[in-house]
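Listed in TrEMBL for this protein:
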type: COMPBIAS; residues: 228-250; note: compositional bias 'Polar residues'
type: DOMAIN; residues: 9-466; note: domain 'Major facilitator superfamily (MFS) profile'
type: REGION; residues: 228-258; note: region 'Disordered'
type: SIGNAL; residues: 1-20; note: signal peptide
type: TRANSMEM; residues: 65-88; note: transmembrane segment
type: TRANSMEM; residues: 95-117; note: transmembrane segment
type: TRANSMEM; residues: 123-151; note: transmembrane segment
type: TRANSMEM; residues: 163-182; note: transmembrane segment
type: TRANSMEM; residues: 188-209; note: transmembrane segment
type: TRANSMEM; residues: 277-298; note: transmembrane segment
type: TRANSMEM; residues: 342-359; note: transmembrane segment
type: TRANSMEM; residues: 371-396; note: transmembrane segment
type: TRANSMEM; residues: 408-430; note: transmembrane segment
type: TRANSMEM; residues: 442-462; note: transmembrane segment
Amino acid sequence: RYRGLTLVLTFLCYTSYHLSRKPISIVKSQLHPNCSALGPNPHNDSNSSTWCSWAPFDGDNYKELFGALDNAFLVAYAIGMFISGIFGERLPLRYYLSGGMVLSGLFTALFGLGYFWDIHVLWYFIVMQICNGLVQTTGWPSVVACVGNWFGKGKRGLIMGIWNSHTSVGNILGSLIAGVWVSSAWGLSFIVPGIIITAVGVICFFFLVEYPEDVGCSPPLHHVMTTNGKDPEAVTSNEGPLSTSGQSSTDHPERPKEAAGEPEAISFLGALRIPGVVEFSLCLLFAKLVSYTFLYWLPLYIVNVAHFGAKEAGDLSTLFDVGGILGGIFAGLISDYTGGRATTCCAMLILAAPVLFLYNHVGQNGIGTSIAMLIVCGALVNGPYALITTAVSADLGTHESLKGNAKALSTVTAIIDGTGSIGAALGPLLAGLISPTGWNNVFYMLIAADVLACLLLARVVVKEVRGWCGYMARKRGSSVQLTESVPDGK
């Protein structure tokens, strides 16, 4: 029951985080729309083609300014993420997470209030983006640490693949909510998501349970199976929650954490020494570069290339996130079955490169083709990104080299996602700089990033393949020995 509650609450929390990030990509096309399509300027007789744009985004450099807005958020997010994990290990997660959500709601709403306060200075919107980027770093390390505290490794890939759909669900809801007001009063496209994330933060404060031990439940076993081969997480008692010793919590009123003493939180360098952290972090840098370029620029790309309106482009862009949900679940399921997290990521990245090329060249040849290509692109681009930020981060944060120390989950998650956030900051910035030379060049940049992400996992993939080969060799050897031990005719 508590595990289900933890999944639901953390799902809602991070859904609201992404819900509040998405409006900026929808509103961009309204800050600098095609004014000539709206007819003559109703206010004067000038022939200005930008009379309906929102200053300071009414100049020819509007794409660079949009890139600056994206970069302000993402650079602050990337820098803050490395610090956030350290705080997350040392502060109560419930306070840290809910406080960050309330502040994020505040800064999101303040960005939208710029519309009603008639603010036309760039620095105001930049400052709001920086502040929001910093406080949003409280989210990911906290929710992954909470889920990792409650779930062992058994079916972690599938569970977290389904759970990670909060990212895409948040993007979809953010797009739809922002689309309601984008053409009438775009400020509400930020204010309403800001209110939503604040409300969810208050709910989180009152109901989130950080550790199983806090309510007398036994923690999951991350690396050990029970003697009868059953999943230890599935073992329950009809008499109530169990403590770590396997006896009822009434037999041991003192929490295991208090009895054994709180373990020290792992250091930053100590987390980097965990095998696989560096490789997956660098891979995520390039994988997240691709994902966040789509997150921030896909609606504008659809407007420019397919010539849809702002609302229609925002609605169509949600299909990329629908594909992301399917890709995350598929990646988790396959990696659980094969045990090869890196190999699964690498295979999807290899497939993503040609699909990106095809989407740019034939993706706008009809609405049916566009829908299909967006879903496939979303699955292949977001699948590895989802797997690394969830199941892989939880695996490495509970690595056997830590000897059961749970005070590494938040730090490891922050290192991996923080490194990835550098790519998330670079992607939209590069797209803003490259897009004036043509969208083809933007997609070539994304394809190159996919290839680099794949290459960075090569060492881990080789290790996994060798492990499979060794396992198969041992299995064949056991079969041969068994055959030789059976008498003839039996």
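For all residues, glycine too, the Cβ spot is worked out from N, Cα and C.
Annotations in TrEMBL come from automatic prediction, not curation.
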Seg_contact(the transmembrane segment (408-430), the transmembrane segment (123-151)) with at least 3 CB pairs under 8 angstroms, min sep 6: yes
Range from 65-88, 277-298, 371-396 with the greatest count of C-beta pairs under 8 A to the transmembrane segment (163-182): 371-396
Same-chain residues near the transmembrane segment (95-117), Cβ under 8 Å, at least 6 residues beyond its ends: 13, 16-17, 20, 23-24, 54, 87-88, 124-125, 128-129, 131-132, 135-139, 142-143, 146, 185-191, 193-202, 204-205, 208
Two-stretch contact, the transmembrane segment (277-298) and the transmembrane segment (342-359), at least three Cβ pairs under 8 Å: yes
Whether the transmembrane segment (371-396) meets the transmembrane segment (65-88): three or more C-beta pairs under 8 angstroms: no
